[in-house]
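A quick write-up on the structure given underneath.
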There are 2 protein chains.
Amino acid sequence: MAQTLPTKDAYREYTSKMQQIADVRNAIAVLGWDQETYLPDKGAAFRGQQITTLSTIAHELFIAPALGDLLEDLNSRTDLDPIAAKNVALSLEDYQKNKKYPALFVAELSKTTNECYHAWINARKEGNYAVFEPVLSRMVDLKKQEADLLGYTGHPYNALLNEYEKGATTTMLDTIFSDVKNALTPLLRSIEQRTQVRKDFLHLHYNRDKQWAFGIDLLKAMGYDMGAGRQDISEHPFTTSFSPQDVRVTTRIDENDFGNMTWSCIHEGGHALYEQGLPAEAYGLPSGEAASLGIHESQSRLWENNVGRSLSFWQHHYPRLQELFPDNLKIVSLNDFYKAINQVQPSLIRTEADELTYHFHVMIRYEIEKGLLEGVYSTKDLREVWNQYYREYLHVQVPSDTQGVLQDIHWSHGSFGYFPTYSLGSFYAAQFFTTAQQQVPGLSEQIAKGEYRTLLEWLRNQVHRHGRYYTSNELCEKITGKPLDFKYFLDYATQKFGEIYGL
Amino acid sequence: MAQTLPTKDAYREYTSKMQQIADVRNAIAVLGWDQETYLPDKGAAFRGQQITTLSTIAHELFIAPALGDLLEDLNSRTDLDPIAAKNVALSLEDYQKNKKYPALFVAELSKTTNECYHAWINARKEGNYAVFEPVLSRMVDLKKQEADLLGYTGHPYNALLNEYEKGATTTMLDTIFSDVKNALTPLLRSIEQRTQVRKDFLHLHYNRDKQWAFGIDLLKAMGYDMGAGRQDISEHPFTTSFSPQDVRVTTRIDENDFGNMTWSCIHEGGHALYEQGLPAEAYGLPSGEAASLGIHESQSRLWENNVGRSLSFWQHHYPRLQELFPDNLKIVSLNDFYKAINQVQPSLIRTEADELTYHFHVMIRYEIEKGLLEGVYSTKDLREVWNQYYREYLHVQVPSDTQGVLQDIHWSHGSFGYFPTYSLGSFYAAQFFTTAQQQVPGLSEQIAKGEYRTLLEWLRNQVHRHGRYYTSNELCEKITGKPLDFKYFLDYATQKFGEIYGL
């Protein structure tokens, strides 16, 4: 029947089906947001079941043969405009991928994810990886099955990487992390030779409510629309979107660590600006979705690091911060503060790592995930493998599981293949920001005045409004004229840390 | 195929389908809770669409012919235990009723409900009923259609009443409200002859945070499990349940009205105790659902009025309240406080009305709803009709729509037929509480010590654990040995207010 419909009507039917699926997925996102912000303890079991049921429904809606037929039909038509044609092609690709997941597998994955998340919470409470391991082991088995279901060329991990970053492979990532190791290790070693900068004043007592207020002010200054979002507290900061008109961020506050809240706030704010900048009229369609996780991360990293850890940024915000916390910061100069927030120091926790050593944290997770998929590592050995990598790459001893193998939420969510997008994001960010500096006259001066409107417009125009129309690499070439090149990050890091450490 | 299944397996299949439907409905409830607590303004439109989509899905799941066949099959079997048999019979009844709703009507109702809610919010902001009227008019039309779809004997309003209180009719309610008018009017008039009690000190400044803390303490004292629920702030207080393990209440705080938060807190707490007391193992089944709205309301009213507005209750809580607000209450005696919170005074706002005049508020809404369904009233006349009723029954002039026809959320939700259950609830509560006083030795003394465990156990045992197994009237007869009888409320009110006003 679909074949007889005029293209316009067939496309409208496709849009309507996609919006329905988006509604269910966004409902799942609301349930997930609530789970990590306000859910009472005892509500966890039924909530898990509710999310599982909705996941099954979303999956069934998306693998409905009628949708497949409609997509095949539309994909064969020649009178769609380029965006519509791309939407149909991407949805068909998604459809064909989703068809590979049996409903039982989806339900099992959702159920295990819920159990895994709660095992992770409990394991962290007890500070014992062994509490997490049995469920994680089942999760890894499911991920191996998933790789087989999806199919891959080369390494099975490629199947999972592709879920987050279309086109990413172990070959590509082995090269990038080899660059990280070869180029960043000497920079790190030369920094270690210099006198370390002070940052003790960042660990004085910073009042919770004042930190919260400062964070909200930063989000607003960045251009985050509080009428189309909100910030709450959760164990692990995240951004979630229920539509471009309702994009929420969370943060956490440590009264003895000024940075914890601040960087999560700017980071999640960067993600949220991307989601708020996606075209609302394309709700449910690929053109209304983010390009990839790597591009998503480029937005958070650009704001967090290239903007948020720059001297210009704090020229504007530091006086206000000194006002809020005079006891801690009155006697600290802007320059000393700037150096402190950019201190390079190998450490234990990824989310608190500096811009340089951060990529070693990611590399370790990448090696571990690849090894788990290959079967070279077993979840039983993971504590030891983890601790060994930290000794080798970062020269640190891991004193507890909470500060080691249990620190990230990702594996508990089944997100294997996600971590590498963090490094890709930083490298895209460096390349994009360099381009923005060339294309936006007086960008540094604007940042120094706390004005980000032109930068945000540039990002909206270059990145946000395109949705998934371009792949990561197409987008990168379109914006910067070149494919992803690690040298932009290396140049940025070499110059910035060279100045800070007087290299 | 279902016919060939052993009863146990068929019943398990039924349970599984019902749980899936419950999961979707509870997801809708989460989205609704978020809508009224934390949703950013701009998120409203997409949220409405998401709720509509899930409502359609829940509806489609519940009218699936396979479920109908299974229910017919199970209903014809003779080897189900009584609870299972009742579950099947009730689900079949629900199924047959749901079959009467076309999917388009469900979607239209959900969409209109969302628009109506937002029109109500806006109308209240502007204090202008005219902003609400056009959408309300469409809602009333839909409700008339709904009555026709459902079918009825006698008055079309009976179809809607039945949605909230199975078996309720205009004949029954005309009798009850005639009792209210005939018996309560003379009591009210004789109170008006007496010297009015003081309550000005309830309208001094009561700090928001201290009120919040006091409310949370009351909820905990009542036995509300904070590990299986939480309280938040909303425009209009409500209780919502996502499972017996996650039952949430909301409240609102007026710093110049001590009662506003306190009574909503105890009232919603009573609802929440019922929901938390439903058998979790019957999740998704009628035996895991509340008996009716009238019985639900009996639980909130019993706690709010029979317990919460008693002298015994405040013997325990008043000293703490005096401690929290010494400037306001140090010089106010317990007895004067008790009289103040029980002041009888015709007024404008239903939710702030005293126990006596409250039923006149309900009667007015009942008359209006009946009239709208009959077509005797039009939404266009509603402001005038409303104001006229208030002059006639309560001798008050309505100064603004916000304090008049716009005060309740119910019509914006399409809840026509709901209001009468409030009065039924109070009358059931009086009858139940009289029975509890006979069956629980030393109940007043326990209440005077702030101990409600025995009372809660009695309610759990007599009411909560039965779910929907009994109808309201069956339950009432089982607990009290008699059908609902207005005289219990009249006796309670005559004695209580006789003492307070020295009649």
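Using the three backbone atoms N, Cα and C, a Cβ is placed for every residue, glycine included.
TrEMBL annotations:
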type: ACT_SITE; residues: B:GLU268; note: active site, proton donor/acceptor
type: BINDING; residues: B:HIS267, B:HIS271, B:GLU297; note: Zn(2+) binding site
Most isolated by CB count within 10 A, of the recorded positions B:GLU268, B:GLU297, is B:GLU268
If you draw a 10 Å sphere around the Cβ of B:HIS271 (Zn(2+) binding site), how many other Cβ atoms fall inside it, taking every protein chain shown into account? 25
CB neighbours of B:HIS267 (Zn(2+) binding site) within 10 A? 23
Per DSSP, to which secondary structure element type does B:GLU297 (Zn(2+) binding site) belong, with helix, strand and coil as the options? helix
Could you round the CA separation between B:GLU297 (Zn(2+) binding site) and B:GLU268 (active site, proton donor/acceptor) to a whole angstrom and send it over? 9
Suppose the Zn(2+) site is B:HIS267, B:HIS271, B:GLU297. Which further residues of the same chain have a Cβ inside 8 angstroms of that site's Cβ centroid? B:THR239, B:GLU268, B:GLY270, B:HIS296, B:GLN299, B:SER300, B:ARG301, B:TRP303, B:GLU304, B:GLY425
